[in-house]
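**Q** Quick paste from TrEMBL:
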- A:CYS87: active site, nucleophile (ACT_SITE)
- A:HIS204: active site (ACT_SITE)
- A:GLU206: active site (ACT_SITE)
Amino acid sequence: MTARIGVVTFPGTLDDRDTQRAVRLAGAEAVPLWHRDKDLKQVDAVVLPGGFSYGDYLRAGAISRFSPLMETVIDQAKAGLPVLGICNGFQVLTESHLLPGAMLRNNHLHFICRDQKLRVESDRTAWTADYTAGQEISIPLKNIDGRYVADERTLDMLEAEGRVAFRYLARGEAADGYGNPNGSLRDIAGITNEAGNVVGLMPHPEHAVEPGIGTGRTDGLGFFTSILKKLVNV
Amino acid sequence: MARVVVDVMLKPEILDPQGQAVQRALPRLGFEGISDVRQGKRFELEVDGPLDEAALARIHEMAETFLANTVIEDFVVKVEEAEAVKVES
């Protein structure tokens, strides 16, 4: 029996199908979850995919965070359930306070869509064990509210505890996918909670899982193989 | 029926590129002398029943948990007088 990974659909979610596909490509079973249900259908892990849930009204992720399903996800995440938030999913995680900080409008005010170079800073999370710390990957980035902010104390804590999971590769040509794309503080692209089960990032690993499609690279597949190995070994 | 207004603003230390874009457009439009613009949100709540202490406490809780994200934003709750004089623009 393989692992069951839930993929949540909110009204306005866009990337749930791609995420389900990525889960299946990694060898796990993808279980669609609906925002109005409270039941997690006994999944072993949950992915909150990208999109514009509730049209980003109020703040990105602010309304989704109070959905019946998220109430269950928040409880379970605190008890150790692995949760990955991608893009809008990351925004939902910060709004839920499962991850510290907040996401704001890109500093240049433009929607950005490009292949983005990142460095995986931590291979000690449930979702990054198949990478090595320091590894550079390229996966798509597409958002307008991608600027990660937190107060200095929180940023220092994240750095000290090794909880900056991904950083934008700041040096190099923007045309080649380098550079901080949105003004995120300390070039942070993604972070993890203390236990390493909850991870959020703005770029999209689920769009880089098949050769010949999108980036043509499979740099994002490791997220899904990482969690699968962890769950199967348990 | 009472009206309560909740104003939400980004904290002073948070960069507001939308406010900056507005500020930069002003001289071009002939509006001189504005050195800074910060953009925020205003919520107008029509409250059923008496606006007592308990009702105001609930609105405060609503603002703190939902209308504002206190990681990045400050908020102010104001009660609008029913007979307030409306200034015509």
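Counting starts with 1 at the first residue shown.
Yeah, the Cβs are placed from backbone N, Cα and C, and that goes for glycine too.
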**Q** In whole Å, note down how far the CA of A:HIS204 (active site) lies from the CA of A:CYS87 (active site, nucleophile).
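**A** Per the Cα atoms, A:CYS87 (active site, nucleophile) and A:HIS204 (active site) stand 7 Å apart.
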**Q** Can you count the other CB atoms that lie within 10 A of the CB of A:HIS204 (active site)?
**A** 25
**Q** What residues, ordered by sequence, lie under 8 A Cβ-to-Cβ from A:GLU206 (active site) and sit at least six positions away in the same chain?
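**A** The answer is A:ASP15, A:ASP18, A:THR19, A:ARG21, A:ALA22, A:VAL47, A:PRO49, A:GLY50, A:ILE86, A:GLY220, A:PHE223, A:PHE224.
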